[in-house]
Amino acid sequence: MPLSRLIIQQFRNIKACDIDLSAGFNFLIGPNGSGKTSVLEAIYLLGHGRSFKSSLTGRVIQNECDELFVHGRFLNSDQFELPIGINKQRDGSTEVKIGGQSGQKLAQLAQVLPLQLIHPEGFDLLTDGPKHRRAFIDWGVFHTEPAFYDAWGRFKRLNKQRNALLKTARSYRELSYWDQEMAHLAENISQWRALYIEQMKTVAETICQTFLPEFEIQLKYYRGWDKDTPYHEILEKNFERDQSLGYTFSGPNKADLRIKVNGTPVEDVLSRGQLKLMVCALRVAQGQHLTEMTGKQCIYLIDDFASELDSQRRKRLADCLKETGAQVFVSSITESQIADMLDDTGKLFHVEHGRIE
């Protein structure tokens, strides 16, 4: 479901732009600081309700302006254009419109506009803490299991309440009622995540093998507590330890995706270029799996395409993205860096000082 039109107003150094887009590849060419990454950032904000570069709304609103606006039109499965838009005020308030209807939720934006981001800081998926890999898993579960979003939100609220109760509870009995619901939610969340990884794993390992044929890739899901023990037993058994820590030590909030090559953690084996290629492979695999499961196409946002990738690796990624048939946005400093992707169906935009032509 590609974007056919994009309007950006008062976003970073982009005062106003209105561009028609290709359903295939869209290239943003310009020097550093020109605004090409800001276009990707605006699309990401349209699909996620937040920037991927800053958590502070005020930093992405243009100086001396009180608000920003990003509007898009995309073709739905019936080939009708559906308008979507997001308005953010400097005070942090947000308005979302879908199909002309105000008061929509950010989660609904994410549902209608699934996005995959590949950017220079994307190594954290493989090299940093489990929270990045949980987010990777949960992107997929969110798009394939309708009950997940509410269940995960409910679990996080209950976990926060439990952590507060741990500070005052005199016995486990004071927590047992809340723990019953927490345990039920945790088991469901874990089952959905495990099923997602099991279904997506074959696609991911195949694409990783294509990108990095010299390595054998293994993905393994860890649910956040002992696999042979029900979660309600873990909560009761670890009550005193949780009390001493001041928080619930085990649970789906500690889940992880363990990724190895030839039996060794990826961060101990792969170079930076190989790590980036694996991140690309995993993101493309998620998009392909989404299409297989739901019929939806996700949109790929690739910032600084040439970073860490030699010409051979760039060609591998370009060929794989073309095979998906998805819409792709690519930023690059020069046209020569994206030569492997250029064809008659794509669109080339030159970006300079926030102007897009």
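Placed from the backbone N, Cα and C atoms, the Cβ positions cover glycine too.
Summarising the annotation, Swiss-Prot assigns ATP binding site to G30, P31, N32, G33, S34, G35, K36, T37. DSSP gives N32 (ATP binding site) a coil state; it is part of no helix or strand.
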Using a 10 Å cut-off on CB atoms, tell me which of the binding-site residues N32, S34, T37 is the least crowded.
N32
Beyond the listed site residues G30, P31, N32, G33, S34, G35, K36, T37, identify every same-chain residue whose Cβ lies within 8 Å of the center of their Cβ atoms for the ATP site.
S38, S331, I333, V351, E352
In sequence order, what residues of the same chain, 6+ apart, have a Cβ less than 8 Å from the Cβ of K36 (ATP binding site)?
L28, I29, G30, S331, S332, V351
I'd like the Cβ neighbour count for G35 (ATP binding site), meaning other Cβ atoms within 10 Å of its Cβ, all protein chains included.
24
